[in-house]
Amino acid sequence: ATHLNRLFFLFQFYRPLNVRVALTGLEIWSDRDKIRVEKSPTDTLSNFLEWRTRDLLPRLRHDNAQLVMGGSFDGTTVGMASQSSMCSRDRSGGVNDHLVSVLGVASTVAHELGHNLGMSHDTAERHCSCQNEPRLGGCIMEPSTGSVPDCLTRVSIRPEPPTPLRLIAGVLLLSLLCALTALHL
């Protein structure tokens, strides 16, 4: 039930953008890790994406995979993902620390999924801001707030070239776009 609760919150984070996140599978590694989990988020992401391409994609059709770890990375990093990689066969995924809070896990996965979709961090330098104050959790695409974000800002959906992200009538046509892009990979 806890894993499903996390997914429910993840789905809720994307609702303001009219983006639907669909779960196509949930794999729990109960006997052993299927990859080498490192203290470095970069190395763990690389190992996970190699496993996804080699082992998971042949078994399960999907656009993206997110690993929620039972441990933590060195330093303050709680997650990492490849930027603008949603339609990439070998780069669409992310790795996430296992936080104590269900909302914390969901917001970290939502943040990394945002990077996969082409979203950058919401920063003052980019003239992106959220009405939700940092003390109230900030926003999903802020670099780090130290607390649990509760909103995605509409400003985050501005694609930055090159990215496959396109909005038509407020609905993200990701599945269709990924299918078309896959023909050119």
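The backbone N, Cα and C atoms fix where each Cβ goes, glycine too.
Note that TrEMBL annotation is computational and uncurated.
As annotated by TrEMBL, domain 'Peptidase M12B' applies to 1-147.
The Zn(2+) binding site annotation in TrEMBL covers His111, His115, His121. The secondary structure of His121 (Zn(2+) binding site), as reduced to three states from DSSP, is coil rather than helix or strand.
Listed in sequence order, Gln66, Gly79, Met80, Ala81, Gly94, Val95, Asn96 are the same-chain residues six or more apart from Glu112 (active site) with CB atoms under 8 A from its CB. Look at TrEMBL and you will find Glu112 tagged as active site.
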Report summary line: Residues sitting within 8 A of the centre of the His111, His115, His121 CB atoms (Zn(2+) site), not counting those, run Ala81, Glu112, Gly114, Met119, Ser120, Ile140, Met141, Pro143
Query raised in the report: Highest CB neighbour count within 10 A among the binding-site residues His111, His115, His121?
Result: His111
Requested in this report: Sort His115 (Zn(2+) binding site) into helix, strand or coil using the DSSP assignment.
Outcome: helix
